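See structure below.
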Amino acid sequence: MDTFGFLAQGLATAMQPMILLYALIGVTLGTAVGVLPGIGPALTVALLLPVTYGLDPAGSLIMFAGIYYGGMYGGSTTSILLNTPGESASIVTALEGNKMARAGRGGPALATAAIGSFVAGLLATLALAFLAPFVVKLALVLGPRDYFALMMLAFITVSAAFGDSTMKGLTSLFVGLALGVVGIDGLTGQARLSFGVPQLLDGVEVTTLAVAMFAVGEALFVAAQGSAMHDKIHAIKGSVRMTREDWSRSWRPWLRGTAIGFPIGAMPAGGADIASFLSYGSEKRFARKPEEFGHGAIEGVAGPEAANNAAAAGTLVPLLTLGLPTTATAAIMLAGFQQFGLQPGPLLFVTAPTLVWGLIASLLVANVMLLVLNLPLIRLWVRLLTIPRHWLYAGILLFATLGTIGVNPSPVELSMLMIFGIMGYLMRLHAYPIAPVVVGLILGPMAEQQLRRALAISQGDWTTLVASPVSAVLLTLAFLGLVVPPLLRWRGKGDVLSKVAAAED
Amino acid sequence: MKHTLLSVALAAVCAMPAFAADYTIIAPAAPGGGWDGTARAMQTVLQQEGISGNVQVQNVPGAGGTVGLAQFASSASGDANQLIVGGYVMVGAILTNASPVSLADVTPIARLTGEAVGIAVSANSPVQTIEELVEMLKADPGSVSWAGGSAGGVDHITVGLLAKAAGVDPTLINYVAFSGGGEALAAILGNQVTVGISGVGEFLPQVEAGTMRMLAVSTAERWVGTDAPTLMESGYDVDVQNWRMVAAAPGLTEEQKAAVTADIDAMVNSASWAETLETQNWANTYLSGADFDTQLAADIEATTVVLKDIGLVQ
């Protein structure tokens, strides 16, 4: 049977009423945990794993996949409306999305996120079905040096998120890099900057930092301004739907986001967060109105949201074809497969084709469900902003705290949430951007480990970093990204950039 | 609608202990890992077999289990209803983290399950046998890059022991630590490193699919599912297994300790435990009482020596 035949058979499996029900439960739960700050899909799947012991394997795996997709989806809602990313892949969504929401354009922002996620999820799932064997071969060619080069490119790209002052952006980034050093060094097992506190040995949790900086910091900021708040939030201004212009500005970022997200998700050391950073950076480069970035550019929502969903589908490529779990959620899904006596890997497509194709088909179904579930909800969601502020932010604080201590009930974790929250408030007060701190914490340790792994493998030979074609190309791109824009500005040809961008469009 | 979603999610998340329990098992790791899996399997079996009416599992993640161990040792003292799951990784973590609380501060009850550490290469690697690999190691220790789990963990310790047994200076081994199993497997399959070292279970599916070749296993006996020789057979005096254990609180009376041991005995000998081992692919390496105490002491001593040799512990 060819791929089409298998997919048709899979769709038949996925359309069974019970399977549909599992998928519906999965996407609903996933959306809910994505919306709640601090609680991610990995934790939800882990907690549900024992519950599903007696259930049908196909149904429960499909439910897990639904949770994963739903989580990517739900994370955007709070990012956009409340400037509170539910997880690391939605951080850049908050940058433009929240600006749009404050200007009364929350509806279109949510819609472009939802439709972008749908388009990306659909295309990436089809890519999973048809391209998985090829993509996975490419993924294996990449080693630590190539990942290091990718991280460098990501660093340069996210400088796009620095806001108006490069100096302030760099300061924020280095605060994040410093936080990334805390904990046991992965390669030597030695503790760094843990000051004898055992809870710090595992480092600073990304979700704790993100929830603290964004949610707690924002709540404190709002509370401190009291009734003297100048920055008036418009709940709804204009249509809740996307305008013709929104559509025309969104569809290219959706496709670009998918093209960036799927391969990066499929890379064993990639991930949805890196995909969303790269997408944000490239949207800013390609945008027809780059000056709108930082003030609510719809491209900055459409691209990263498509990228993080495409990356979620990409993650399933190494999981299903090689049995390689590359994210926390994938690792727990692997445990789920094993619980049912199934071993994902090169043989899974042969030993359990009904299940695999049923799963892939269910992802398509789950995608449609998510869109149907979320589009009508947008009207409801945007009304969140009409809740009186003191109630709204009290609620956000409550959920942020519950989410954090629900994952790790320790006083140290709670103290970190509060300390980083106050730090986030002070940074806001002095106009330092928040996102680079979180980005530094995510990318810093990854880049460090990949660099040291690469050097260990080459036994200290630095030329290894440019010896592979992939790393050489990526590092060249990163270098150009660093050097060309200031050079053009210095030669007084800043307008050349936008012309180049327009021509490439 | 929104409220229903939130409450469903909260119910899932806040499934924390609320009632008095016959046993509370601390899993000193985040949900989803091996220790968490062991604790939850114990919970199911203890309840199903009627050994305990109500069992709660509590996760206290952090620092190779030492955060949970420290909390357990201080708060559970004298309470025979509390248990903690742990394992060989904890032995190494206590040493490398210079943890103030060690396994001497709790009451180890029994070793439950274990897994051999496998040494494997990608199918298209030029290395065919463990002897060839050791020859390369002897000729130039740095040229053999090992992909394995976290630094100071059981994989790293096994490489150190093998180097020592082969007469190679353990400080010269080129060990590349990977945090997740997936990334390490990708590096091995893609020939980014010379050789991989990890739990046999991670490699077996790849070996079955013909994408990897197992060179040796670390236990004294051969491992089910692979015909790879043991390191002992190949002439290297190494016997390591990555075991998981259960311990009770410190300060128990002999009667209390005997009662807990009897409950664990009953659990291990039950049909549902056998079934759990089967579905989870865990090997039964049950050992309790004085035998376990002796084995544990020997493991701790060997680990201390090798971690000093590698240079991870001063």
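Backbone N, Cα and C define each Cβ position, glycine as well.
The following features are taken from TrEMBL:
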{"type": "TRANSMEM", "residues": "A:19-39", "note": "transmembrane segment"}
{"type": "DOMAIN", "residues": "A:20-438", "note": "domain 'DUF112'"}
{"type": "TRANSMEM", "residues": "A:109-135", "note": "transmembrane segment"}
{"type": "TRANSMEM", "residues": "A:147-163", "note": "transmembrane segment"}
{"type": "TRANSMEM", "residues": "A:170-191", "note": "transmembrane segment"}
{"type": "TRANSMEM", "residues": "A:203-224", "note": "transmembrane segment"}
{"type": "TRANSMEM", "residues": "A:316-335", "note": "transmembrane segment"}
{"type": "TRANSMEM", "residues": "A:355-378", "note": "transmembrane segment"}
{"type": "TRANSMEM", "residues": "A:390-407", "note": "transmembrane segment"}
{"type": "TRANSMEM", "residues": "A:419-444", "note": "transmembrane segment"}
{"type": "TRANSMEM", "residues": "A:465-488", "note": "transmembrane segment"}
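Counting Cβ pairs closer than 8 Å and at least 6 residues apart in sequence, the transmembrane segment (A:419-444) and the transmembrane segment (A:19-39) reach fewer than three and form no contact. Stretch with the largest number of CB pairs closer than 8 A to the transmembrane segment (A:19-39), among A:109-135, A:390-407, A:465-488: A:390-407. Here the transmembrane segment (A:390-407) has long-range neighbours at 36-39, 43, 82, 84, 205, 207-208, 211-212, 215-216, 218-219, 222-223, 384, 413-414, 417, meaning same-chain residues at least 6 beyond its ends whose C-beta is under 8 angstroms from one of its own.
Averaged across the domain 'DUF112' (A:20-438), pLDDT for the predicted model comes to 82. Packing against the transmembrane segment (A:109-135) from elsewhere in the chain are residues 3, 7, 69, 72-73, 76-77, 80-81, 93, 96-97, 100-101, 240-242, 246, 250, 253-255, 257-258, 261-263, 265-266, 296, 298, 301-303, 305-314, 316-317, 320-321, 357, 360, 363-364, 367-368, 370-371, 374-375, 378, 381-382: each is 6 or more residues past its ends and has a CB under 8 Å from a CB in it. Long-range Cβ contacts of the transmembrane segment (A:465-488) within its own chain (Cβ-Cβ under 8 Å, at least 6 residues beyond either end) map to 141-143, 145-146, 148-150, 152-153, 155-157, 451, 454, 494, 496-497.
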